[in-house]
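**Q** Among the features that Swiss-Prot reports, active site, S-palmitoyl cysteine intermediate is placed at C169, with the record citing similarity to another entry. What Swiss-Prot lists as compositional bias 'Polar residues' is 310-322. Swiss-Prot lists 345-355 with the feature compositional bias 'Pro residues'. The feature domain 'DHHC' is assigned by Swiss-Prot to 139-189, with sequence analysis given as support. Sequence annotations record features per position, and here Swiss-Prot assigns region 'Disordered' to 303-363. What Swiss-Prot lists as topological domain 'Cytoplasmic' is 1-35, 85-183, 250-363, and the listing cites sequence analysis. Here Swiss-Prot flags 57-63, 205-228 as topological domain 'Lumenal'. According to Swiss-Prot, the transmembrane segment annotation covers 36-56, 64-84, 184-204, 229-249.
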Amino acid sequence: MSVMVVRKKVTRKWEKLPGRNTFCCDGRVMMARQKGIFYLTLFLILGTCTLFFAFECRYLAVQLSPAIPVFAAMLFLFSMATLLRTSFSDPGVIPRALPDEAAFIEMEIEATNGAVPQGQRPPPRIKNFQINNQIVKLKYCYTCKIFRPPRASHCSICDNCVERFDHHCPWVGNCVGKRNYRYFYLFILSLSLLTIYVFAFNIVYVALKSLKIGFLETLKETPGTVLEVLICFFTLWSVVGLTGFHTFLVALNQTTNEDIKGSWTGKNRVQNPYSHGNIVKNCCEVLCGPLPPSVLDRRGILPLEESGSRPPSTQEASTSLLPQGPAPIDHLSNEMPEDTSTPEEMPPPEPPEPPQEVTEAEK
C-alpha cells in the first residue's frame, strides 16, 4: 500500500510584511529598496583597497615594514564586516497593529476624545509618558496604527516605524535604529581610520618614489595612486566629520532625529531623560548595552488561513503524522446546520412474555 505525501509551500512572515523593504536569503537579509548608493559605497571601498593592496602595499612592505599591509587588511575586513552587519540587519522595525488591535485602539481614542463635530480637526493623538521625572509624548502613527514607543519614528523611505530611530542612511542601504546603530558607528569609525591610513601611506609611497625618479615621473607611472589619493581626499572630510558628529551624539545619548528636531535643547527646562549625565555611562549604554531581539520574526511560518488556506487546529497539529480518516464533525459544521432540537425519548423496551404451560391434552 503506497502513501502519497502532499507537501504544501510554507509561507514565511517576511513574504507578507508591509513596508518598502527587500528580503534575501529566505528573510535573513533585510534592506531598503533603494540600494544604488549602497552599491556605490561597496565599489569605492573595494576599488580603493584593491588598488592599495595591489601596488602600494607590495612596495611599502619591502621598503618600510611588512606590518603595513597587515594593519590595512585588518581595518578593511572590520569595515566591511560592520558595513554588511548594518546593511543586512533589522534596525528595530516595530510590527504594525493587526486589524482587531487597530479597531480597539480607535475605539479607545474615540472614547477618550469624544465625538468630533464634522468639519473640525480632530485633536492630536498623543499619550503622555513619564521617564526619569520627565514627560515624554507618545505619538500615534496613522500608517502603522500604533502609539509609537519613546524615541521611535516612522521612516518615510522604508515606510516602517523604527525603535530608537536615528536616520535613514542611503550609503548603507538601510535605516539606522536601535538594533544596528552600534554597528553603524563602528563602521564609520573604522572607515575613517582606513581612509586616513590609505591616504597617508599613498603620500609616503609617492614621496619614496619621487626621491628616485622625480615627482612628475612618479605621477605618470602610478595613475592608480593618484586616483586613490583623490578618492581618499574628498571622502576623508565627510567620513571623519560624520564620525565626530556621532561621537558627540553617543556621548550625550542622543539620536540624529532628536538633534535635528531639537527635542532636548534645554528650552522650557526640557532635558534629555535618557542621558545618565556621564559620558562613559552613555557610551556604554549605546555601544555595549544588551542588543534586543528582533520582534518581526521574519522567518516565522504564517498560519494557513493567512497564506491562503485554513489553519490547522490543535488536534490536527498533533495528529498530522497519522493516516487521515473521515473529516471530524466540527469540520462539517459549515455545510450541515447544527441540530439544536431535543431528541425524542425512546420508548422503554416491552417485557418478555411469560412462558406458557403445556397441558396434558396438548401433550
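Cβ atoms here come from the backbone N, Cα and C positions, even for glycine.
What you are looking at is a predicted structure, and each value in this text was computed from that prediction instead of being measured.
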**Q** Mind looking up the mean pLDDT for the topological domain 'Lumenal' (205-228) in the predicted model?
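**A** On average, pLDDT over the topological domain 'Lumenal' (205-228) sits at 88.
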**Q** State the non-local partners of the transmembrane segment (64-84) in its own chain: residues 6+ outside its ends, Cβ under 8 Å from one of its Cβ atoms.
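**A** Same-chain contacts beyond the ends: 41-42, 45, 49, 52-53, 57-58, 172, 183-184, 186-187, 190-191, 193-194, 197-198, 201, 204.
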**Q** Long-range neighbours only, meaning 6 or more apart in sequence with Cβ under 8 Å: which ones does C169 (active site, S-palmitoyl cysteine intermediate) have?
**A** T86, C175, V176, F184
**Q** Let me spell it out: take the topological domain 'Lumenal' (57-63), skip the flanking residues so only those 6+ beyond its ends count, and list any with a Cβ under 8 Å from a Cβ in it.
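**A** Distal contacts: 69, 72, 201, 204-205, 208-209.
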**Q** Take the topological domain 'Lumenal' (205-228) and find every residue of the same chain, 6 or more past its ends, with a Cβ under 8 Å from one of its Cβ atoms.
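**A** Same-chain contacts beyond the ends: 48, 51-52, 54-56, 59-60, 63, 198-199.
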